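K.L.:
One structure, as structure tokens, below. Some questions next.
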Amino acid sequence: MAKAKRTTKFVCQACGYESAKWMGKCPNCNEWNQMVEALEPSKKSRSAFNHTGEPSKATPITQIASETEKRVETNMPELNRVLGGGVVPGSMVLVGGDPGIGKSTLLLQVSAQLTLTNKKVLYISGEESIKQTKLRAERLQVSGDNLYVYAETNLEAVQETIDFVKPDFVVIDSIQTVYHSDVTSAAGSVSQVRECTATLMRIAKMQNIAIFIVGHVTKEGAIAGPRLLEHMVDTVLYFEGERHHAYRILRAVKNRFGSTNEMGIFEMRDVGLVEVANPSEVFLEERLEGASGSTVVASMEGTRPVLVEIQALVSPTMFGNAKRMATGIDYNKVSLIMAVLEKRVGLMLQNQDAYLKAAGGVKLDEPAVDLAVAVSVASSYRDKPTRSTDCFIGELGLTGEIRRVARIEQRVQEAAKLGFKRIFIPKNNEGNWKIPKDVQVVGVETIGEALKKALPD
């Protein structure tokens, strides 16, 4: 009997767009020279990828027994917080980040911590030999009889090893190096990444194994390949930070089992990653007192308030158009706030260059940072510093009003804990909550009122 003919298609390596013919430019993402030929998987292999759990039948939701899945804590509180309290058995976690940021270091340390809970961990490296992994483990002072290391990129061999070792946790470093023999395209292609991830997901669900996979990122900072990879997994973590700075930030951008607003702080040292228990002190330890353009905001990262310094430098432009730059703060937010300052306060900023930065490499995207940004710009423009013990919390409206923000009591308590004596908050946030001792809470209704009190003439 003749074999069924397998059809050929062309897949964009940037976005996953499929076409029956080759094209120089992808019509979906407009990238050039990204179309790669690939064969459709056979029906036999494709059917295995689609299954993600034990056989089941349609059941009324009222007849399904509710179970609370016990999480496994990693002995790393910062990671536990980001994951929502620990690792959920049977889940699949994708960890992305720039090259050299510390993804492999983080997962090797996590593997060692999990073995301390009498769990068996299989670390599969597609980028290093087992001897190279051993050298890195020695540098990180990582060891344990329950930590197994395996260097392989063939997915069938990986499956056999998982069946033999029977681990509780598996680490794949990285998904772009793993390939499936039923898929003809090269490792790291859209087809390979999709099929390998689907197979690993099936293993995780059927055998109740938590799997961590490392994903490469593009030059724009997104996970390489189509967004399908991020849709398939349960949790997506991004490991951020400047390679030339010691601090690293772990964020969850997707989490089926917890919040996506949590943040974990780590410091890279010669012995690996060390957790930072109080990030507010870290972000403020190098603040220069008496400098204009410097303010502090209490920002919420999930359930944790974090104090961050916002710096602004405003100076007359030397060219026709004023220049605006922002690091860690949304550029559009900065433009909006400066427009409000011009219209509602009368600051002549149209011929001023403005450079803003959230110190410490933190990214601030919540509305409560608006007031601190506005005061820092005005402080630099007038060359008049705020008090070193002032903290600013509030959202700025287009009419110049200061709008209420959530969890004001937690923010104020965190600021008071670090020695801030005068805290500016929205007038509407004043209410029946406990104000810390020796702290003056100043409620303001407009940005003009806030500037008069923070930067008096």
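Backbone N, Cα and C atoms are what each Cβ position is placed from, and that goes for glycine too.
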K.L.:
In Swiss-Prot, one of 12-29, 156-173, 192-209, 246-263 is tagged zinc finger. Which stretch would that be?
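P.N.:
Checked against Swiss-Prot: zinc finger maps to 12-29.
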K.L.:
I need the neighbours of the ATP site defined by Gly97, Asp98, Pro99, Gly100, Ile101, Gly102, Lys103, Ser104. Which other residues of that chain put their C-beta within 8 angstroms of the C-beta centroid, in sequence order?
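P.N.:
My list of surrounding residues reads Thr105, Phe239.
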K.L.:
Within the zinc finger (12-29), what mean pLDDT does the predicted structure show?
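P.N.:
Summarising the zinc finger (12-29) by its mean pLDDT gives 84.
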K.L.:
When DSSP states are folded down to helix, strand and coil, where does Ser104 (ATP binding site) land?
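P.N.:
In three-state terms, Ser104 (ATP binding site) counts as helix.
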K.L.:
Around Asp98 (ATP binding site), how many other CB atoms lie within 10 A of its CB?
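P.N.:
Summing over all protein chains shown, Asp98 (ATP binding site) has 17 other Cβ atoms within 10 Å.
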K.L.:
Using a 10 Å radius around each Cβ and counting other Cβ atoms from all shown chains, which of the binding-site residues Gly97, Pro99, Gly100, Gly102 yields the largest count?
P.N.:
Gly97
K.L.:
For a quick check of packing: other C-beta atoms within 10 Å of the C-beta of Ile101 (ATP binding site), how many?
P.N.:
20
K.L.:
I want to check the contact list for Ser104 (ATP binding site): same chain, sequence separation of six or more, C-beta distance under 8 angstroms. What comes out?
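P.N.:
Residues satisfying the criterion: Glu127, Arg136, Asp173, Val214.
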K.L.:
Let me check the 10 A CB neighbour count of Lys103 (ATP binding site). How many other CB atoms are there?
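P.N.:
Here the count is 25.
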